[in-house]
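Annotated features in TrEMBL:
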type     : residues : note
DOMAIN   : 1-129    : domain 'CNNM transmembrane'
TRANSMEM : 18-37    : transmembrane segment
TRANSMEM : 44-62    : transmembrane segment
TRANSMEM : 82-100   : transmembrane segment
Amino acid sequence: GDKKAKGIVKLLEKPSEFITTILIGNNVANILLPTLVTIMALRWGISVGIASAVLTVVIILISEVIPKSVAATFPDKITRLVYPIINICVIVFRPITLLLNKLTDSINRSLSKGQPQEHQFSKEEFKTM
C-alpha cells in the first residue's frame, strides 16, 4: 500500500509517543512565540501588552480553532498533509518524549497501586475530542 498511510498507522500504534510529541511542540511554540513577539515589540517601540493581545488572538485562531475545525472537516486530507511534519517532530523529540513518557508511566503506576484502571478512550472517542 501507500507509504504515507503505513507511516500514519505506525504513528497511531504509539499514541502516547504521538500525543507527547504534539504537546512538546505546542509548549515550545507557546514559549518561543511570546518571547519573540516581546523582543520585536520592544525593538519597534510597540506596546508589549498590545503585541501580546494580538498574539493571543492569532495563536487561538491559527493554532487552535482553524486547524481543529479544518481537521475535523477533512480528517484524511489533513492527516496526509501534516504527517511528514509530525513524523519529523516525533523523530526529533523522541529522546525527550521517551523520558517524559517513562516519568509519566512511573508516576501513574505509583498513584494507581491497588486501584482499578480508569476508562481508556476508544479511537472514536479520541477523534471526537
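Glycine too: its Cβ is placed from the backbone N, Cα and C atoms.
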Lying 6 or more residues past either end of the transmembrane segment (18-37) yet within Cβ distance under 8 Å of it, the residues of that chain are 11-12, 51-52, 55, 59, 63, 86, 89-90, 93, 96-97, 100-101
Secondary structure split (DSSP) over the domain 'CNNM transmembrane' (1-129) reads 109 helix, 0 strand, 20 coil
